[in-house]
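Enquirer: Pasting in a structure now, in structure tokens, and then I'll have a few things to ask.
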């Protein structure tokens, strides 16, 4: 190629590795009400300036690539590019900072969590200029959230369907989670429901294995639901796990559940995927089914504090994709989490409007407008002695899910369920009378156990149970 030709071809175009901060670091940018805002915890490689690292995150999660390309001239980068508009240090961490990035709304397909995450938490997390990257929070503007259906029904509609008000709902995961035949599984469900629980649950591992095929399980669980309803006069449910290897098979299982007339099905939304979850949520709204969500695999994504994604982001994504319940940790028990941080994302699940509050890990004010709320599910190593704390911490709009805490005392499933129901009713009554559950919780349980032999037996079984692990970092189920 002649020098003259090179000169003509290079007019307005310079190849090579470019500095991202020249285009994508815009500290003077004023965010728009329609922008999706992200807060990233960035750990750059040694020698990479914060401005360059933050700009690289904005570029690689939006319109940028590592070099200038001639097709940049065929569109408006100023209209479509992500912008790193603010950088702040992380207290106590010399090599980390929070980079705030604004994304124009037109970068994302309407009603698609899958597409949103493909951009914001896609290839940028493997970028060489970064040692680690964690998405701490997202601000979803109403202009985008209104393109999602959200939860199939929401908290108020669920209470109306169940005719249950003024208290948390009670659940139990059937154990052992694998190995029971369908008939024995259904018997365990029946005993728990007739003892006073509102729900029982398939473990997230239970799909359709050789020892118990899904159709058999659905039939025996439906029988258990109807029999317990007839005996107690209360509406009951069992979270029938519809998670499957294909979306078509998942919907087939949900259709069968609807034909049986049961009130609720279940999905593992992270292992199943957001496309499958949104598909199931739409089916559930159209067909009157509640949808319980388990978060299996979340700790792979959210456990490391420097890399991955905080669960509050996964919680927001679930509310958009759709689910009426989701597991959210306990604050107490074997999967104890930080109280303020946990309640921060619990409020993001339940409330319509949540103010920015960094002490609770909430980086942005979030307005869900009219999107229905999601019931948080507290589960993992909890038992009757935890009931006062759980009632006080989570309030009425929650599901308290006792697995081993229901099935692990010696009198049988129904008396164990009675113990949990009595403990809950005692705590709710004491709270309504103005008693302090945080200070008087143990005394409230002891008083109730005097007239409930089932609760007295449970109190004796669980009185010495503690979860203490040296050098162990807790995660939430």
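Note: Cβ is positioned from N, Cα and C throughout, glycine not excepted.
Pulled the feature table from Swiss-Prot, pasting it below:
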MOD_RES   3  N-acetylproline
MOD_RES   14  N6,N6,N6-trimethyllysine
BINDING   123, 173, 177, 295, 327, 379  substrate binding site
ACT_SITE  175  active site, proton acceptor
BINDING   201, 203, 204  Mg(2+) binding site
MOD_RES   201  N6-carboxylysine
ACT_SITE  294  active site, proton acceptor
SITE      334  site 'Transition state stabilizer'
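Please go over these features one by one and say how buried each is and what sits next to it.
Expert: Less than 8 angstroms from the CB of residue 175 (active site, proton acceptor) sit 203, 403, 404, 407, 408, each of them six or more residues away in the same chain.
All protein chains shown were included, and the count of other CB atoms within 10 Å of the CB of residue 204 (Mg(2+) binding site) stands at 23.
Classification of residue 201 (Mg(2+) binding site) by DSSP places it within a strand. Here residue 201 (Mg(2+) binding site) comes close to 171, 172, 173, 174, 238, 239, 266, 292, 401: these same-chain residues lie at least six apart in sequence, with C-beta atoms under 8 angstroms from its C-beta.
A sphere of 10 angstroms centred on the C-beta of residue 294 (active site, proton acceptor) encloses 29 other C-beta atoms. Annotation note: residue 294 (active site, proton acceptor) sits in a strand segment as assigned by DSSP.
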Enquirer: Between residue 327 (substrate binding site) and residue 204 (Mg(2+) binding site), what C-alpha distance do you get in Å?
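Expert: Approximately 11 Å lies between the Cα of residue 327 (substrate binding site) and that of residue 204 (Mg(2+) binding site).
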Enquirer: In terms of DSSP three-state secondary structure, what is the assignment for residue 175 (active site, proton acceptor)?
Expert: coil
Enquirer: Once 201, 203, 204 are set aside, which residues in the chain still have Cβ within 8 Å of the Cβ centroid of the Mg(2+) site?
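Expert: Going along the sequence, the neighbours come out as 173, 174, 177, 202, 205, 206, 239, 241, 266, 294.
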Enquirer: Given the binding-site residues 123, 177, 204, 379, which lie within 10 A of residue 294 (active site, proton acceptor) by CA-CA distance?
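Expert: Within 10 Å of residue 294 (active site, proton acceptor): 204.
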Enquirer: Using a 10 Å radius around its CB, how many other CB atoms surround residue 295 (substrate binding site)?
Expert: 25
Enquirer: Using the alpha carbons only, what distance in Å do you get between residue 123 (substrate binding site) and residue 204 (Mg(2+) binding site) once rounded?
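Expert: Here the two Cα atoms lie 29 Å apart.
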Enquirer: Which residues does residue 177 (substrate binding site) neighbour through Cβ under 8 Å, counting only same-chain ones at least six apart?
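Expert: Non-local contacts for residue 177 (substrate binding site): 203, 205, 206.
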